[in-house]
Amino acid sequence: MLRTANEEQDTALHVAARNIQAQVVEILTKEDPEFSYSANVHGETPLYIAANMRFNWRFKRHEENRKKVIDEILSNCKSVEYSGSHGRTALHAAAMHGDHETARKILKRNPSLTRRTDDDGWSPLHYAAFFPYLSHGVPTVKVLLEHDVSAAYIVDSEKRTALHLAVVRGDVAAVRAIMNPCPACCELVDNRGWNVLHYAATTIKGYFYFPQWIPHFEKLKYEKDNDGNTPLHLYAALGNFPQQRLSSDWIHAYKKMCGLNKRNLSVDDILGRNFPETKKEILESLKDVRSGPLQRPIAMMKKEYLSISERGMETRVLVAALVATVTFAAAFTMPGGYKNEQGIAVLLKNAAFVVFVISDAIAMLLSISALFMHFCWAPIGTRGQVEEDMKGNWTSTLTICAIPAMVIAFITGSYAVLAPSSWLAITTCFIGAAFIFFASTAFIVDGRTLFKILKIQRLKFDSTLLTVESFVDKKN
């Protein structure tokens, strides 16, 4: 009964893993630990299904159950199948999602999986380098290399290593994590003769910054590919040269030392003339890198992200404008009214009224600051998505802080004018305070505190490298 499969060859364990039913998985695996659960028609095993899911901080319970599902399968089943779709394994899935804990558990059971490649020749380390996931990707890279240092030398169908992918993605931390145990892997080239610095040259700042961050890259500056191009030739062909660097003395020295490529072109020749066909050829050669194993171009995903980001920004600005309008109007529509002769507020000496005025002013200041920051930083969107994200996050933070201040203004203003009817004043205060209570509870439960928001902003702002897709979007 437990081994019965449906039309898609899913067993009960497949279904339980997909629905993250940890208790059901525990019962099934303990009841029949000898059975080896094979893949369904999609090539997915129960362990792969569980490893291929990842829930963010909003769904902590789901993520905990998912980890329990993986633990039950690994601990109870005597013969574990790891295979997944497109030739991947559960370790590929864990690496793709930056799940270093699951990767460590799987490797403890089967260390040889570090050398298993998928249909594109990508190893788990390729996935960990390609999908950095901020702070999660680097620990996964380290875990994989701890179990098998030679994984850094595995090449895909285009003879690219994980280091090539980490460089073209601009992930300095991942590059360091690979280079520390395997410094010699930076000398490997792909089927075009490109070394890692050739890949760095396809990013906006990588050619200049990577040698500063990774000293081993310095010796690769004059290495030529199959067409005789040094990394500086590619950098010039893509039009990435900042104008202020063109006149630098050390740049002139570099250009002379790079020599000529097989078309007898120097770096100066490429800079002085436009070579659209060369640029197109380079970008086409990187198309599969940008698409990755998901076969979905990053440029397309970026456009979708930008569209969502723009809609989100419109919502933030609208909310900030509403808060500013309401608080501005409340400041001149004083609770209790004015003394006709002098134009002074009637409740000027009332404590609740004083709190109302202060909180209303704070709410208006924060919301107007959010609007000012949005319009003042509007041109930043043309420089890069990192700065655009920072602008959006600061706007959100200021608006989020303005809303509770506006609620406090409502509570204290209502209390000031309803004080003669104590039960009504207290009831209104409780209703208004309910918002602050529920909002605080949501922040505590989800872990989304103001400090975490500011930390995310700092992480995004520190990501200084922009990949070639950003360059292409700007030019278009």
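Heads up, the Cβ atoms here are built off N, Cα and C, so glycines get one too.
All annotation found in TrEMBL is predicted automatically rather than curated by experts.
Straight from TrEMBL, the features:
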REPEAT    86-118  repeat 'ANK'
DOMAIN    312-417  domain 'PGG'
TRANSMEM  317-338  transmembrane segment
TRANSMEM  350-377  transmembrane segment
TRANSMEM  398-417  transmembrane segment
TRANSMEM  423-445  transmembrane segment
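Taken as a whole, the domain 'PGG' (312-417) shows an average pLDDT of 79 in this prediction. Under DSSP, residues within the domain 'PGG' (312-417) fall into helix, strand and coil as 85 helix, 2 strand, 19 coil. When Cβ-Cβ distances below 8 Å are used as the criterion, the transmembrane segment (423-445) is approached by residues 404, 407-408, 410-411, 414-415 of the same chain, each at least six residues removed from its ends.
Packing against the transmembrane segment (350-377) from elsewhere in the chain are residues 313, 316-317, 320-321, 323-324, 327-328, 330-331, 335-336, 387, 391, 394-395, 398-399, 401-403, 405-406, 408-409, 412-413, 415-416, 419: each is 6 or more residues past its ends and has a CB under 8 Å from a CB in it. Counting residues per DSSP class in helix, strand and coil order gives 24 helix, 1 strand, 8 coil for the repeat 'ANK' (86-118).
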